[in-house]
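Straight from TrEMBL, the features:
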{"type": "ACT_SITE", "residues": "GLU216", "note": "active site, proton acceptor 2"}
{"type": "ACT_SITE", "residues": "GLU216", "note": "active site, proton acceptor 1"}
{"type": "ACT_SITE", "residues": "HIS346", "note": "active site, proton donor 1"}
{"type": "BINDING", "residues": "TYR56, ARG355", "note": "chloride binding site"}
{"type": "BINDING", "residues": "HIS215, HIS219, GLU243", "note": "Zn(2+) 1 binding site"}
{"type": "BINDING", "residues": "HIS215, HIS219, GLU243", "note": "Zn(2+) 2 binding site"}
{"type": "DISULFID", "residues": "CYS184-CYS202", "note": "disulfide bond"}
{"type": "DISULFID", "residues": "CYS371-CYS389", "note": "disulfide bond"}
Amino acid sequence: ITKSRDPEELKHYWLEFYNKAGTPTRNRFERYIELNTKAAQLNNFTSGAELWLDEYEDETFEQQLEDIFEDIKPLYHQLHGYVRYRLNQHYGNDVVSKTGPIPMHLLGNMWAQQWSDIADIISPFPEKPLIDVTSEMVKQGYTPLKMFEMGDDFFTSMNLTKLPKEFWEKSILEKPTDGRDLICHASAWDFYLVDDVRIKQCTRVTQDQFFTVHHELGHIQYFLQYQHQPFVYRSGANPGFHEAVGDVLSLSVSTPKHLALEVNSAQDYVHDEEARINQLFLTALDKIVFLPFAFTMDKYRWALFRGEVDKSEWNCAFWNLREKYSGIEPPAVRTEKDFDAPAKYHVSADVEYLRYLVSFIIQFQFYKSACIKAGQYDPNNPQMPLDNCDIYGSVEAGEAFHKMLSLGSSKPWPDALEAFNGERIMTGKAIAEYFEPLRVWLEAENIKNNVNIGWDKSDKCVAA
């Protein structure tokens, strides 16, 4: 799915996966909905939707999410239009319509949740190299240990907590060579003692892993900041906060400014306007594209939990949401004999998905506020853009993080957010601000190429 550019091959694998991972679960999923509703009602909730939303402690939360999609809609529609235009150029009218939803099997991801794996055929300036300091890191003799030491230095430069000796003694930072089996997916662990925090990561010396190191250390810093709290409050302010903190660090570390400072980034990379648009575009293919996908994963299940969709329409209701918010469609006609939503692991496994959506939204609120506190971002100064802000060394930003992170979950999340930046609600305005240079470029490019914005109604799901 990520590598092939043959639409028929991609369609074949898409159908094989969905027909086996989704459709056979239909009867069990119906039973799951029944049991979920019963469990919610036994806990005095009207449905599983209200049970999940209760974690966010805000009756206006659903409306906040709808408002956020209004904030980002101009950017998403321009991005969608441009990607569809480039795919139409690549595949032709028989495969990609100029006005319809994008066939999702062409987007480099089985669920079309992020599109960065097809950047090679849709990048705005393909002749411009993206920043990559991997070779420079190898040349300078970087090791996994050095990468974690640099991550530790990032936090201490902001006057935050230094990694304790227990971390260095008990973490696994490289793949074991003694034959032990290890799940190599990076993860951060809190053992709920004093200073007993650890990371398990099969770290390799690459740029991407350098970012992952900082992300995982964001979790560790959160653990350390709230470890004085009673056990029940030793968690994030809401399920999305933990991931967001790690991603703020990744946003800062991945800027050309920080990489030039820390790694003396490769000399052949010139951060001009074309390179900037390329970088923003690649980031948007992950960060912006993900938002409507994540929203529909839970919006669909809320509707089923609440009994708002007749069982005879369950599959088309799913595709209607994917089309409405993401502007994508399946590669072949689906019917109510198919059942496609559970082809996503989190749907089958009863994992609430809103936490990921929340983290992608608030990380930009955190980042914007931290950048202003660090004196790195001025909305009125084009020489101080948000997308090249590095908060390394900012004690002011560090103090704001300390105030928020040390609360753990002892206060409602709006209180924690307010402690950081004075705001009490999630908004999409910071995301829109971050990507504004890209939106302006996309709009001009789409006008120049007479690109249709928006999409026609899909005919790829029918009741029969």
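Each residue, glycine too, has its Cβ placed from N, Cα and C.
This view paints the features noted in TrEMBL onto the structure.
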| residue | record | Cβ contacts under 8 Å, 6 or more apart |
| --- | --- | --- |
| TYR56 | chloride binding site | ASN238, LEU354, VAL358, TRP413 |
| CYS184 | disulfide bond | LYS175, GLN201, CYS202 |
| HIS215 | Zn(2+) 1 binding site | ALA186, GLY246, ASP247, LEU249, SER250 |
| GLU216 | active site, proton acceptor 2 | ALA186, SER187, ALA188, ILE199, GLN201, GLY246 |
| HIS219 | Zn(2+) 1 binding site | ALA188, HIS242, VAL245, GLY246 |
| GLU243 | Zn(2+) 1 binding site | ARG355, TYR356, SER359, GLN363 |
| HIS346 | active site, proton donor 1 | MET297, GLU352, TYR353 |
| CYS389 | disulfide bond | SER252, THR255, LYS257, TYR367, CYS371, ALA374, GLN376, TYR377 |
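There are 16 other CB atoms within 10 A of the CB of CYS202 (disulfide bond), with all protein chains counted.
Other than HIS215, HIS219, GLU243, the residues of this chain whose Cβ falls within 8 Å of the Cβ centroid of the Zn(2+) 1 site are, in sequence order, ALA188, GLU216, GLY218, HIS242, ALA244, VAL245, GLY246, ASP247.
Once Cβ contacts within 10 Å are tallied over all protein chains shown, the recorded positions ARG355, CYS371 are led by CYS371.
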